[in-house]
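*Asks:* One structure follows; several queries about it will come next.
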Amino acid sequence: MPAVGIVIGDGKKEYPGKLTPYVTATCIVAAMGGLIFGYDIGISGGVTTMDSFQMKFFPSVYEKQRNSHESSKYCRFDSILLTLFTSSLYLAALCSCVVASYVTRKFGRKISMLLGGVLFCAGALCNGFAKAVWMLIVGRLLLGFGIGFTNQSVPLYLSEMAPYKYRGALNIGFQLSITIGILIANVLNYFFSKISGGWGWRLSLGGAVVPALIITIGSLILPDTPNSMIERGQFFQAEKKLRKIRGVDDVQDELNDLIAASEASKLVDNPWRNLLQRKYRPHLTMAILIPSFQQLTGINVIMFYAPVLFQTIGFGSDAALMSAVVTGLVNVGATVVSILGVDKWGRRLLFLEGGFQMLISQVAVAVAIGVKFGVDGNPGNLPKWYAIVVVLFICIYVAAFAWSWGPLGWLVPSEIFPLEIRSAAQSVTVSMNMIFTFLIAQVFLMMLCHMKFGLFIFFAFFVVVMSIFIYFFLPETRGVPIEEMNQVWRSHWYWSRFVKA
């Protein structure tokens, strides 16, 4: 039987191909782009708790820590300068992803990865050798520019390179790299904090050079995607590459669809303006709401209490390490579950199950924290069994996020956009993610200080809203070739009024 595109019963098209060792290795290397994002998340949170770092750059926070018995635990980290250090990265990433859209479309996905790695490397060096707060901020801006490029290009690269039957699992490799980066960073923070002389924070911040070099070198050896080659007129090379990554000789049907999509994209002079057209309404809605909802799950709120609760259980001075390692391991393990199940169970099931599980966990933790910490933030002596129960709910929450909104917040947007708007729409996705990450990072400590345990209920409300949105408005995209995705919208009860045949 010849290997040609087959239209299956529900109108969707199947392309021949298999999961080859070549494409698996390629996607693993590309997914390493998530390491730099994860490493930064883990490192920045840990470094800001180091006494030597606080004394040098944030002495007011250090004084609050020393006099913690005089102040509420809710307000110990409420510092405008510390917040600026954390959130400046996301503002830079927001700006750079707009430029990354142009670079990704005109010069290919791997060039964006290369630029992201180089910029992140420069930011890591600037932070590692920082002598003043302004050097930290400049370093964070450079790190943000790098993350903007990689977060824009890596999910697209993975979705385009992977066979559609395995697209979910290979794309979530990006989120797995993020979680591994967080775990590695937290472990390194612990050991570097033990270095006598108080300069371990320089190793923590400067160590970001390592994941930056991994994606920089990786981008030099990675092939470009057939979609990107066709977009730049390299048809012969694209056909040759498509045969290699699919592991079959007859790829003409898929190639024809890629070329047709490319020709349609060339008719678009301004993809940003094109996004506003009525037929792209579902794509734009998902590009805006999914990454926004991902940040409104409240993952930062849950993580904040982990060290306090683990210390109560009896880990003593190792509380920060234990909380980071345990939640980090849960994070990695649950992401692996998502990799194994996303192409079997589908995106909607994971979204909805994860939302329900997060809601239950957040309400349980809010009640527990409210009862014991109260409004003054001083829990007194907590029974160990009580803290263990709360930590268990934290781990349940982290697991739910890690196999649902964590990876799917990147996967689903990257696989639903047609080629003519793909780069611009992915930039919208990254921009919205960074806008809400920036806003939450900017006001989180202030909100925690004033709303106290009510902040858990605040984010639980949004979990309900986002779950309702997924149930009614997100169609299932599992097993649909990326260039055939419009069929999904045309058959949806609501979006069919916007997307016509």
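Including glycine, each Cβ sits where the backbone N, Cα and C put it.
Pulled from TrEMBL, these are the listed features:
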type: TRANSMEM; residues: 19-39; note: transmembrane segment
type: DOMAIN; residues: 26-478; note: domain 'Major facilitator superfamily (MFS) profile'
type: TRANSMEM; residues: 80-104; note: transmembrane segment
type: TRANSMEM; residues: 111-130; note: transmembrane segment
type: TRANSMEM; residues: 136-158; note: transmembrane segment
type: TRANSMEM; residues: 170-193; note: transmembrane segment
type: TRANSMEM; residues: 199-222; note: transmembrane segment
type: TRANSMEM; residues: 284-308; note: transmembrane segment
type: TRANSMEM; residues: 320-342; note: transmembrane segment
type: TRANSMEM; residues: 349-373; note: transmembrane segment
type: TRANSMEM; residues: 385-412; note: transmembrane segment
type: TRANSMEM; residues: 424-447; note: transmembrane segment
type: TRANSMEM; residues: 453-474; note: transmembrane segment
*Asks:* When you look at the transmembrane segment (111-130) alongside the transmembrane segment (80-104), do they share 3+ Cβ pairs under 8 Å, ignoring any pair fewer than 6 residues apart in sequence?
*Replies:* yes
*Asks:* Per the 3+ Cβ pairs under 8 Å rule, pairs at least 6 apart in sequence, do the transmembrane segment (320-342) and the transmembrane segment (385-412) touch?
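*Replies:* These two stretches do touch.
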*Asks:* Using a cut-off of under 8 Å between C-beta atoms, tell me which stretch among 19-39, 170-193, 349-373 contacts the transmembrane segment (199-222) the most.
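*Replies:* Top-ranked stretch among 19-39, 170-193, 349-373: 19-39.
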*Asks:* Could you tell me what the rest of the chain brings near the transmembrane segment (349-373), counting residues at least six beyond its ends with Cβ under 8 Å?
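*Replies:* For the transmembrane segment (349-373), the far contacts come to 73-74, 297-298, 302, 305, 338, 341-342, 379-380, 382, 386, 389-390, 393-394, 396-397, 399-401, 403-405, 408, 452-454, 456-457, 459-460, 463-464, 466-467, 470-471, 474.
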*Asks:* Looking only at residues six or more beyond either end of the transmembrane segment (136-158), which have a C-beta under 8 A from one in the stretch?
*Replies:* 27, 30-31, 33-34, 36-37, 40, 57, 84-85, 88-97, 99-101, 103-104, 109-110, 112-113, 115-127, 130, 167, 170-171, 173-174, 205, 208, 212, 215, 222, 225, 410-411, 413-414, 422-423, 426-427, 430, 433-434
*Asks:* Any idea what the model's mean pLDDT is for the domain 'Major facilitator superfamily (MFS) profile' (26-478)?
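*Replies:* Overall, the domain 'Major facilitator superfamily (MFS) profile' (26-478) comes to a mean pLDDT of 85.
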